[in-house]
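Heads up, the thing below is written out as structure tokens.
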Amino acid sequence: MTDKEEEAEGGKKKEPMIGFYDSYQELFEFFCNNTTIHGTIRMVCSKHNNMKTVSWTILFITTFGVMYWQFGLLLGQYYSYPVSITMSVNFDKLIFPAVTVCTLNPYRYNVVSTQLANLDCYTEELLSTLYHYNPLTSGNQSACNSSSTAGTRAFDESYMKLEFLNDENTAYSGPVKGATNSTSPVNHTEFYRIGFKLCNATGEDCFYQTYSSGVDALREWYKFQYINIMAQIPSQSNQEDDSQISNFVYACEFNKVSCGVENYTRFRHPVYGNCYTYNDGQSATPWASFVPGVGNGLSLVLRTEQNDFLPFLSTVAGARVLVHDQNQPPFMEDSGLDIRPGVETSIGMKKEIISRLGGVYGNCTDGSDIDVVNLYNSDYNQQACVRSCFQATIVQQCGCGYYFYPLPSGAEYCSYSRNKSWGYCYYKLYKAFAADELGCFRRCRKPCQYTDYKMTAGYAQWPSSVSESWITSILSQENQYNMTSGRKNIAKLNVYFYELNYQTMGESPSFTVVTLLSNMGSQWSLWFGSSVLSVVEMGELVFDLIAVGVIVLRRRRREKCQASSDGEGTSDSTAGTHRGQENASRSGRDVACNRFVVVAEISPPPAYDTLQLDVPVACAPDCECTQHVSHASVHSQAPCSSQPEQEASEGPTVL
């Protein structure tokens, strides 16, 4: 039975197990008639109404485009990796943080007076020249009257000195020491700045480090000279001989229990001097708070005497305090809080734990992927990383390290004796560092997890006027120190949790893969009312489109080759003498068209009156019939007795 007969009998053509459609029209008709996507069948059922067909086609394509536009928005939102912040409040006992207090004075003046006497004397001369300053009229002792000023100065005053500058950074050639008929720029209405000149090693490239205030300029200039002096002194000699904690902390207790030597560690800060960290968690078990309130925290009585302060470097009286986590270094100059003399300062704390997402969700790190060597003995901290990065850059480009930062291995601090142009190099780098041109802030990302303490401070006069006498008397006898200035030499500090509720803030992905698929499914159902299997049908349609395209291309190529072969066959019938050569060329082209043509020379058939032959039928003994035609036998496999009528009806064989 032929295919047409099967189609006529069954009403539908039988589909093969693996087969494709012959044209795009058949493919789209089958898809529109059988798909579960809404609206597609309308395009086929309305094919006799062109207006409906066009309308439903436009509607389908428009809806399809809007849906995929929504898909694009959803994918854009997903790949932006948004996060949600979750806040929770918990109540439990709290580990007390580390508390660091510093004296606000790098050295007691009587300890370093020998090293700084010449610098202080020269500073007084500068003040006298620029501002007509006389320390004797202020009731202070002049540093130039000290016998320690004799000898060679430890700094090069001709290299860098304070100068008044106009808007063009031109030095003001103003009064000199002892001049009585000259005037200072500060008496003029014209604006002048004050600063000092910095040059490179050759002296060819120079710039002025200027300030609008003479106080700021003098402190920065003095600090620069102070570094040049102290950096030349071995670190062992820099240790103050009078470094007992009792000279700074008169009393200490936590939860109404006295502190011990195991509860604190000491270190020296280059600007703030002796610093003591309580509850650092290294030498003893960390403190814990079970009850909130000012009476259940850390209480310190501090000495804040100002008589032994460095006059040109320590311009603030009191002490400095910083509350920080145990595994973080104290950066007193960045986050500290000053304590006033004669005042009781109460600092209430509330703990916060922050947890961020890294990777594609945020630019945070745990420090393992940071390429900056941490110069601080602590866990990863952004401030420590930034300072370490800046110090490494200074060492690399200036050949020495900045005195206020820890040193990398094998480096030494900058000073005139080691690098005369280090100031020029440092201030140039600092400007680039502040503008983030060195890349330190980009390299040092914020940590993914850290603990923060929100603080509120309250102040009150301490001791009061009626209790000042007996409190200072007791403190003087207990610490064997004569307090001549009363409450101006002492201060009290309280650090406590004002509540044991602590807040946890965490980030979580707000648009996950599940959310994306859910939203895309909602959009698909909204615009087409379909399911996941409908998406599979769309994928099948795309695959069939590709397959039909390949079939159509191969069919066209075959037809082109067939047309070429037919034209060459006609040429063969008229050029018999060259048949051999043409057959060879045709064979080459037929191979390219995936066809083989066999050409044979045959003799013309004999002329007969009729093509009907009467051939006797011979039956074999086994009841098989044999017909003899042109000396060739054709065997019939069916028994003769079973089909007599059929054999008779067949009649003669026609060739």
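Our numbering is plain: 1 for the first residue shown, then up by one each step along the chain.
Each Cβ is built from the backbone N, Cα and C atoms, and glycine gets one as well.
For reference, Swiss-Prot has these:
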| type | residues | note |
| --- | --- | --- |
| COMPBIAS | 562-586 | compositional bias 'Polar residues' |
| DISULFID | Cys102-Cys275 | disulfide bond |
| DISULFID | Cys199-Cys206 | disulfide bond |
| DISULFID | Cys252-Cys259 | disulfide bond |
| DISULFID | Cys364-Cys448 | disulfide bond |
| DISULFID | Cys385-Cys425 | disulfide bond |
| DISULFID | Cys385-Cys444 | disulfide bond |
| DISULFID | Cys389-Cys440 | disulfide bond |
| DISULFID | Cys398-Cys425 | disulfide bond |
| DISULFID | Cys398-Cys448 | disulfide bond |
| DISULFID | Cys400-Cys414 | disulfide bond |
| REGION | 561-587 | region 'Disordered' |
| TOPO_DOM | 1-55 | topological domain 'Cytoplasmic' |
| TOPO_DOM | 77-531 | topological domain 'Extracellular' |
| TOPO_DOM | 553-655 | topological domain 'Cytoplasmic' |
| TRANSMEM | 56-76 | transmembrane segment |
| TRANSMEM | 532-552 | transmembrane segment |
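Of all Cβ atoms in the protein chains displayed, 24 besides its own lie within 10 Å of the Cβ of Cys414 (disulfide bond). Other C-beta atoms found within 10 angstroms of the C-beta of Cys398 (disulfide bond) number 20, with every protein chain shown included. Following the DSSP three-state reduction, the secondary structure of Cys448 (disulfide bond) is coil. Taking each of the disulfide-bonded residues Cys259, Cys389 in turn and counting other Cβ atoms within 10 Å of its Cβ gives the largest count for Cys389.
Cys199 (disulfide bond) sits 15 Å from Cys414 (disulfide bond), taking the Cα positions as reference.
The distance from the Cα of Cys252 (disulfide bond) to the Cα of Cys275 (disulfide bond) comes to 15 Å.
Per Cα geometry, Cys444 is the residue among the disulfide-bonded residues Cys102, Cys398, Cys400, Cys425, Cys444 nearest to Cys389 (disulfide bond). Comparing C-alpha positions, Cys259 (disulfide bond) sits nearest to Cys102 among the disulfide-bonded residues Cys102, Cys364, Cys414, Cys440, Cys448. Take the CB of Cys199 (disulfide bond) and look out to 10 A: across all protein chains shown you find 16 other CB atoms.
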